[in-house]
Every structure is written in structure tokens, then in C-alpha cells.
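Student: Copied straight from TrEMBL:
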- 8-123: domain 'Semialdehyde dehydrogenase NAD-binding' (DOMAIN)
- THR15, GLY16, ALA17, VAL18, ARG43, SER44, SER162, GLY163, ASN325: NADP(+) binding site (BINDING)
- ARG103: phosphate binding site (BINDING)
- CYS132: active site, acyl-thioester intermediate (ACT_SITE)
- GLN159, ARG245: substrate binding site (BINDING)
- HIS252: active site, proton acceptor (ACT_SITE)
Amino acid sequence: MTNQKRFNVAVVGATGAVGGQIVKLLEQRQFPVNTLKLLSSARSAGTKLSFNGQEFAVEEAKPESFEGVDIALFSAGGDVSKALAAAAVERGAVCIDNTNAFRMDPDTPLVVPEVNIEKIKEHQGIIANPNCSTIQMVAALKPLYDRYGISKVIVSTYQAVSGAGSRAIDELLRQTKAALEGTDVNPDILPVGSLPVKHQIAFNAIPQIDKFQDNGFTLEEMKMIRETKKILDDEDIQLTATCVRIPVVSGHSESLYVELKEDFQMDEVRQMLADAPGLTLVDDPESQQYPLATESAGKPDVFVGRLRRDLYEPRALNMWVVSDNLMKGAAWNAVQIAEYIAAERQ
Ligand SMILES: NC(=O)c1ccc[n+]([C@@H]2O[C@H](COP(=O)([O-])OP(=O)(O)OC[C@H]3O[C@@H](n4cnc5c(N)ncnc54)[C@H](OP(=O)(O)O)[C@@H]3O)[C@@H](O)[C@H]2O)c1
């Protein structure tokens, strides 16, 4: 398209795990970029990153950085979004925020394009990207929700370390080497956050992602519960989540028990999931085909398999849902939203 409108884009957290993937996707998708600002903290200012064959120096993110910016993609932690998103909006930018800062704000749409893209119209400057574990779950639930209604979901997650940022990836690799060499693994990063105790992730499974809440659930578990209700616009749906960090670099896996409101035929469910946008059905037990984290890495889709009717509740379905947390769980969902905004403004 020759007269395509091009946009001034800022990526906040460009040196991070999610930000790096956003920059890659903007390039791969040939997003109509006019100018690009790559922003980080003062620590990485001056780092060179490449985009479309050109080198860009990373700058420290400040309110003035957003002068003239049309679309700002934030993935530098909730505090940075809280400190800078308003400054970006004041200067006329639309912010697509990957952090937890605004997700439950009633004025901020929480968007998974395949599920509720119509909500972006309601934005007042900020559009929130849901939590990575929520995105892949709601993408898989949506076709079932629309066809049968859902009364209850019980989810257990098996989450990759990249969900906790690039330092957690380094930590897994370092600890794995140390454990194999028989030296001390010295846990330092996981669970992430200002928590007094850190645990070994190499050869382990940690049933804590983020801080414990007063009700005994962790913040990650409560994010999955609250965000799903908001995205499906259904306060009555019952959800229970147990979130576990496992020693995988990328790709979150989830075991879901889903109670539907109506009877279902397995063949119809299979067909609906196979046809749904953004979902890939991988479900052939005979040839041992089911979604795997290794197979999802670098791909935009949410993979669904291990479909089976529950043994005791005939209206319930068990399934296994896998997606690359840095792609659909973060960067790809954000870039999809940016593409909708760009298309609307052409
Ligand atoms: N990883 C995932 O799967 C995932 C999924 C969904 C949402 N998220 C959310 O996305 C955000 C980033 O996650 P990540 O995994 O990419 O983390 P990360 O790898 O640790 O990267 C953090 C990024 O934020 C920048 N940053 C830190 N403090 C800053 C400050 N004061 N001002 C400006 N930039 C600052 C860092 O820059 P420096 O290089 O200067 O430190 C880096 O670019 C988090 O809020 C996370 O919850 C992550």
C-alpha cells in the first residue's frame, strides 16, 4: 500500500524478554513504523538494538520520550507503566500495556483480540494486555463459552521461567549447570519480586508465582481469576487456579477442567477448537500428538489438545493448553492490538 499511514512507535522495556520480542514482531509483521524509540532504564541506555537492518540506541524512558509518539508498547514492569503511561497519553499516544498496572482499572479495556477486540473502542488512552497465563486460557475457553456457556474452570499451570523475565532465564541456565556440576545452585531470582525466600528452579517445581494474598492464593492465581471474569464479562463464572513455575525456558502449559452449562458432543468441540482463530488443535493420542512447550516456542498460536470428557461430570471437559508466553502471552497479543489501532487509523 503506497499511501499507508505510518506511526511513531515507542517500545518501553525494549531490552527485556517481552520488549525484545515486540521489536522482532514489529519487524516481522512489517508494522507501519515511521519513527521508533527503544526505551529502558538508565542501566541499558546506549545499548544498540537492530530493527529493519538499522541500529537504534536505547534511551532512558522519561516523560519527554513520548513527545510525538502515536503508539507506546509498555513492558517494563507495573511501576514504570504507572509512572509513565499517563505522560505518554497526555502527549497523544495510545499505550498498550503488558503489565499488571491497569488491567483491573474499570476504564481500561483488557483485550485478547480473538476474544473481545470490540473493547478497544472504549479505551481512554490505555489498553491492557492480560497476564500471559490468562491470555492462552481465555483464548481456548472462548469458543466453548460462546457455544455452551461455562460454569466452572479449574486450572493448574506449568509456567516457563521466561514469564519472570530475562534474569529468570539466566537463573535457570546457571542453576542447571551448577546442579549438574554438583556445586551450590544459590537461588537468587525465583519466585520473582521482593520476597524474603528464593527457591531452586533447576530440576524443581515451585508452587508460588508472585506474592501470597490474604486468601491463600498467589497474586498470579488471582490475576487469572479476576482477569478471566473481566475479559469474558462474566462475574458468575467460578475459577480456581494453581500456578506453578517449572524449569522450562519458554512456553506455558496449562491443565484445564472446564464445566459447561450445556451438553456437548466431543466431535463438535474438536471441530470448534480446530476452527477458532488463533487456536491450533493438536490432539491425536494414538500417534502421541499433543501440545508441547518446545513445539510452541516462537509461534503465535495457542495449542490445545488432550481433549477428554470428564469421568464423573458429563458436562465437563479436560484439556491441555500450551502457548509461548512471550508471544501470544505478551508480545504478539500487544502487536495484534497495535495492528488493530493502525488499521483503524488508516
Ligand atoms: N515475560 C512474560 O512472559 C510476560 C508476559 C506478560 C507480561 N509480562 C510483563 O511485562 C513486563 C516485562 O517483563 P519481561 O519479562 O520482559 O521483564 P525483563 O526481561 O526483566 O525486562 C524488563 C525491561 O524493563 C526495563 N526497565 C526496568 N526498570 C525500568 C525503569 N525504571 N524504567 C524504564 N525501563 C525499565 C528493563 O530495562 P533495563 O535493561 O534497563 O533493565 C527491561 O527492558 C513485566 O511487567 C511483566 O509482568 C511479561
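Just so it is clear, glycine is given a Cβ too, placed from its N, Cα and C backbone atoms.
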Student: Name, in the order they occur in the sequence, the residues of the same chain whose CB lies under 8 A from the CB of THR15 (NADP(+) binding site) and which sit 6 or more residues away.
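Tutor: Non-local contacts for THR15 (NADP(+) binding site): LEU38, SER40, SER44, THR47, LEU49, VAL58.
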Student: Between the recorded positions ALA17, ARG103, CYS132, HIS252, ASN325, which lies closest to GLN159 (substrate binding site), Cα to Cα?
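Tutor: Given the candidates ALA17, ARG103, CYS132, HIS252, ASN325, the nearest one is HIS252.
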Student: In the structure shown, with every protein chain counted, which of the binding-site residues GLN159, SER162, ASN325 has the densest set of Cβ atoms within 10 angstroms of its Cβ?
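Tutor: Result of the Cβ crowding comparison: ASN325.
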Student: I'm trying to understand the geometry here, so how far is the Cα atom of SER162 (NADP(+) binding site) from the Cα atom of the residue listed as 'active site, proton acceptor', in Å to the nearest whole number?
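Tutor: With the alpha carbons as reference points, the distance is 9 Å.
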Student: If the criterion is a C-beta within less than 6 angstroms of any ligand 1 atom, which of the recorded positions THR15, ALA17, ARG103, CYS132, HIS252, ASN325 pass it? List them in sequence order.
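Tutor: Among THR15, ALA17, ARG103, CYS132, HIS252, ASN325, near ligand 1: THR15, ALA17, CYS132, ASN325.
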Student: How many whole Å apart are the CA atoms of the residue listed as 'phosphate binding site' and CYS132 (active site, acyl-thioester intermediate)?
Tutor: 12
Student: Rounded to a whole angstrom, what is the C-alpha distance between ASN325 (NADP(+) binding site) and HIS252 (active site, proton acceptor)?
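Tutor: Here the two Cα atoms lie 6 Å apart.
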Student: From the recorded positions ALA17, ARG43, ARG245, HIS252, pick the residue whose C-alpha lies nearest to the C-alpha of CYS132 (active site, acyl-thioester intermediate).
Tutor: HIS252
Student: For each of the recorded positions (ARG43, HIS252), count the other CB atoms lying within 10 A of its CB, then report the residue with the highest count.
Tutor: HIS252
Student: For ALA17 (NADP(+) binding site), which residues in the same chain are close in space, meaning a Cβ under 8 Å from its Cβ, but six or more apart along the sequence?
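Tutor: Non-local contacts for ALA17 (NADP(+) binding site): SER162, GLY165, SER166, ILE169, LEU326.
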Student: If I take the alpha carbons of the residue listed as 'active site, proton acceptor' and ARG245 (substrate binding site), what is the distance between them in whole Å?
Tutor: 9
Student: Which one of the binding-site residues (ARG103, ARG245) has its C-beta surrounded by the most other C-beta atoms within 10 angstroms?
Tutor: ARG245
Student: What kind of secondary structure is ASN325 (NADP(+) binding site) part of, going by DSSP in three states?
Tutor: coil
